[in-house]
Amino acid sequence: MCRVVDLHQAVLAKNDRAADTLRAELAARGTTVVNLLSSPGSGKTALLERELVEARDRAVPVAALTADLATENDAERLARSGVPVRQILTDGLCHLEAGMLAGHLEGWLPTPVRLLFVENVGNLVCPASYDLGETLRVVLASVTEGEDKPLKYPTAFGLAHLVVVTKTDIAEAVGFDEAAFRANVERVNPGVEVLLTSARRELGVGLLLDRALAAAAGAPVHSPVMAREPHPHTHEHAGDHTDLAHDHSADDADHTNGTAAMAQPRP
Amino acid sequence: MHEMSIALAVIGQVEEAAGRAGDITAVREVRLQVGELAGVVPEALSFCFELACAGTVLEGAELVTDFVPGRARCAPCAHEWAVGMPPLLSCPRCDGGSTDLLSGRELQIVAVRWEDGRTPAPTREPIPEER
Ligand SMILES: Nc1nc2c(ncn2[C@@H]2O[C@H](COP(=O)(O)OP(=O)(O)O)[C@@H](O)[C@H]2O)c(=O)[nH]1
Ligand SMILES: [Mg+2]
Ligand SMILES: [Zn+2]
Ligand SMILES: [Zn+2]
Ligand SMILES: [Zn+2]
């Protein structure tokens, strides 16, 4: 027989649970994750290279994982800093998931590591939906990408704890309008900090490390409006919703209770 | 593609729920709530869903998406507005940044309609929900 069953499961519930577990496990080992998101070529690897060297110079124990669709080039670049680096090849998958990250950390993550930087797959669409157990989510955009990037990728920018502008050394040459960029960021993520950097000229290098260390030390991170989730369960219910097993059970014919509007059987 | 991962997550969860329920022979319909700010394109999701359902107990199932518009409320001045796309999340009245997002980030499986092997009977067997 045909029945309508009420599930109410967040589609990404599994990833969210894995991320929470990973966050707690890493916190217990004193490790904080920084998730770096941007389009391909924005300069994640270049900036991270600098930040890793800076961390080494300051004797802060850090490590980095870099995800790429196919090549190991980024890991080789990052490894020049001398800190532990590992490449994740996603084999075409356009984002990392918490479970994948956990798998790659197993048996590899050295101790002690204060900060674990994760360079996500170059993509501003899907990685935004996947919590990796990070404490600080950083979204980067280079001055060449246009001031309206935050409006084109509102989920990515809207969920960022920190926004980093890269390649400011060529800002003038490409006519980057900093005020317009900041206004667009503010529209989708009011109050988020925007840092200006140039890995090439070593401008603003160390700021990302400062913010990450502050977050690791327990300083409050920015709370994006988009991440302030209301109670997700919005549909009307006839009965209460405290039992774990409400099956709006029945064959089609008798499905006439208050949930019919959302679980209307097809004719 | 992003929507393919989401479609696979939906299918995986429905398969699990079907497994827990036992003797589900076919899934007819999956009802999703998709918020304006969920970062998912419903048409692309439907396309991927249909492809990915092939060969599973969900083969032929219809994906029905309920779109949830994004709405926000300013904490200091109580103004409420439709956030639109691209979303405006700072208050258009007082320019304040302490906004509460009331809706728009939903991405959840609300309900499924499926066939089980049982004959219609008054006994109702509850399906455990996953939290
Ligand atoms: N002018 C300039 N170019 C940069 C800077 N950072 C990175 N690039 C260049 O941008 C390209 C992509 O950088 P990469 O770090 O690989 O980007 P990713 O794909 O985000 O990791 C490379 O050709 C870099 O040399 C910078 O600060 N200034
Ligand atoms: Mg890179
Ligand atoms: Zn319900
Ligand atoms: Zn993806
Ligand atoms: Zn206001």
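Residue 1 is the first one shown; counting continues down the chain.
Cβ atoms here come from the backbone N, Cα and C positions, even for glycine.
Now, the feature entries from TrEMBL:
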- B:H2: Ni(2+) binding site (BINDING)
- B:C74, B:C77, B:C91, B:C94: Zn(2+) binding site (BINDING)
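Known features from TrEMBL, placed on the structure.
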residue : record              : Cβ contacts under 8 Å, 6 or more apart
B:H2    : Ni(2+) binding site : B:G39, B:V40, B:A44
B:C74   : Zn(2+) binding site : B:E80, B:C91, B:R93, B:C94, B:G96, B:S98, B:T99, B:D100
B:C77   : Zn(2+) binding site : B:C91, B:R93, B:C94, B:G96
Item to complete: Using a 10 angstroms cut-off on Cβ to Cβ distances, just flag whichever of B:C91, B:C94 is the loneliest among these binding-site residues.
Response: B:C94
Worksheet item: Of B:H2, B:C74, B:C77, listed here as binding-site residues, which sit with their C-beta under 8 angstroms from a C-beta of chain A?
Response: B:H2
Item to complete: Determine, for the Zn(2+) site, the additional residues of the same chain whose CB lies within 8 Å of the mean position of the CB atoms of B:C74, B:C77, B:C91, B:C94; present them in sequence order.
Response: B:A75, B:P76, B:A78, B:H79, B:P92, B:R93, B:D95, B:G96, B:T99
Response to the item:
Per DSSP (three-state), B:C77 (Zn(2+) binding site) is coil
Worksheet, complete the sentence: Close to ligand 4, in the sense of Cβ under 6 Å, among B:H2, B:C77, B:C91, B:C94 as binding-site residues, are B:H2
Practice prompt. Work out the three-state DSSP category of B:C94 (Zn(2+) binding site).
Written response: coil
